[in-house]
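Copied from TrEMBL, the annotated features are:
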type	residues	note
SIGNAL	1-34	signal peptide
DOMAIN	40-177	domain 'Ricin B lectin'
ACT_SITE	ASP197	active site, proton acceptor
ACT_SITE	GLU363	active site, proton donor
Amino acid sequence: MTAQGRQYKHNKDNLMFSRKLALGLLCLPLAASAIQPIEDGTYVIRNKATGKVLDLVNGNAADGTNIIQYSQTGASNQHWQVNYLGDGRYRLVNQAGGGAAEVYGWDNSDGANISQWASNGLAIQQWLLTDQGDGTFKVVNVHTGKAMEVYNWDSSDGANVSQWTDNGLDIQRWSFESLDTGNAYHWPLSGNLGTHDPTAMAENGTWYEFQTGPGIYRKVSFDGGLNWEPLPSVLPDGLGWWKNYVPDQEGIDVWAPDVKAYNGKVWLYYSISTFGSRVSAIGLLSAPSLASDSWTDQGLVLNTTASSSYNAIDPDLVIDKDNKPWLVLGSWSSGIKLTRLNASTMKPSGSLYSLASRTGGIEAPSITYRSGYYYLFVSTGVCCAGTDSTYQIRYGRSTSITGPYLDKNGVDMMNGGGSLLDGGNSQWVGPGGQDLVGNGVIVRHAYDASDNGNAKLLISKLNWDSAGWPRY
């Protein structure tokens with residue numbers, strides 16, 4: 001994009017004075033409503049009069065970069081993270097630039113420019129959204145009291161976005177189109193992407209991915225997780241003891257592995273089972289590093305039988321805030337389970353806790369800790385049916401690793417709760433089998449409706465809103 005709109009130079013000395021003054025002396029001119037008309041999330045923001053969308057010039061991260069309108073391209077510089085701050089106020093942060101929309105230079109005049117600046121929490125970066133009753137919102141700056149509009153009713157690409165005294169006209173009305181249902185922010189992946197139930201880990205700049213498949217399929221990426229190349233299976237011949245616990249298991253098919261580093265080793269959990277059965281087993285491999293490719297069989301972790309109330313599949317290693325290991329696992333039946341692990345053997349050494357249950361299917365748990373909360377992610381619905389799959393990714397959180405895990409509406413995940421993170425879209429159907437890389441990246445599979453419903457790898461940055469809830 002080359003259109004720049006009107007450009008202005010910051011007088012940084014004056015601006016620094018203004019910002020310091022604002023911290024102590026600012027009187028806010030708006031009596032904001034406490035109603036939250038828009039949920040936290042990521043949106044395209046479209047002007048009603050021109051049909052063009054809010055755009056950060058070239059996705060530039062520099063303070064003072066101009067905000068314009070432009071025809072929708074799908075690029076991240078047209079994606080805005082909308083965060084509710086309370087009292088009816090919002091912050092608008094650009095996905096590409098990372099800065100918040102503000103009125104340039106604390107200027108109160110009509111026509112003052114809208115730009116981005118590093119988020120600072122001040123009123124110049126706060127916006128009051130008022131529902132206009134037609135699917136659009138008036139967007140008013142809390143400091144200046146003036147409404148965001150496209151300057152001079154200009155409908156061209158690159159037209160400047162400014163503020164003006166509220167006039168109620170369409171040029172000051174904006175629609176917020178949610179991108180939080182799985183149709184945005186996939187990394188631009190290439191190479192070998194056929195995937196089911198992925199888990200991933202980075203080691204010294206190289207990314208490794210493991211997945212459901214004979215002998216545990218795996219891939220490698222040397223460019224930060226974008227282009228993927230196949231590697232030989234971890235266990236090309238399987239292990240003899242598997243049939244002791246799962247007699248009907250055929251071949252060397254292995255389900256839903258999980259890889260993580262802990263206490264100087266890499267641990268690879270996996271499951272052996274057959275469809276529709278609770279006769280299952282979780283096994284464990286260890287290695288000094290991923291690059292070494294030197295795996296040691298640690299044998300059985302736990303198993304279930306036809307009479308068990310839960311299913312020993314979909315293991316996920318969790319390290320709690322005190323650096324203690326746990327294993328979360330399970331699906332369907334009585335739902336998601338958690339057990340403490342012995343830090344030496346990495347096998348169960350404590351009670352079995354129930355974390356989540358849901359009619360219609362629940363599996364593929366993963367847990368991460370962030371800022372005082374444990375977050376439980378699960379896949380709900382039916383997998384493995386191509387574009388007929390109904391998988392969705394849902395989540396809840398708890399201050400204790402053993403629960404209760406509540407969703408955004410306060411519903412316990414043991415009672416069917418779970419807020420939606422990814423419901424898929426017309427192309428990517430049935431997203432699930434997810435795993436977290438730290439608490440900033442999420443990997444999962446989905447079925448590509450544009451390619452005969454083949455299951456493929458998807459990777460996205462996992463963002464967190466101002467209330468600490470996850471989103472794309």
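Glycine residues also receive a Cβ, built from the backbone N, Cα and C atoms like all the rest.
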Listed active-site residues (ASP197, GLU363), ranked by Cβ neighbours within 10 Å, top entry: ASP197
For ASP197 (active site, proton acceptor), the three-state class that DSSP assigns: coil
Length of the line joining the Cα atoms of GLU363 (active site, proton donor) and ASP197 (active site, proton acceptor), in Å: 11
GLU363 (active site, proton donor) in three-state DSSP notation: strand
Tally of DSSP helical, extended and coil residues in the domain 'Ricin B lectin' (40-177): 18 helix, 62 strand, 58 coil
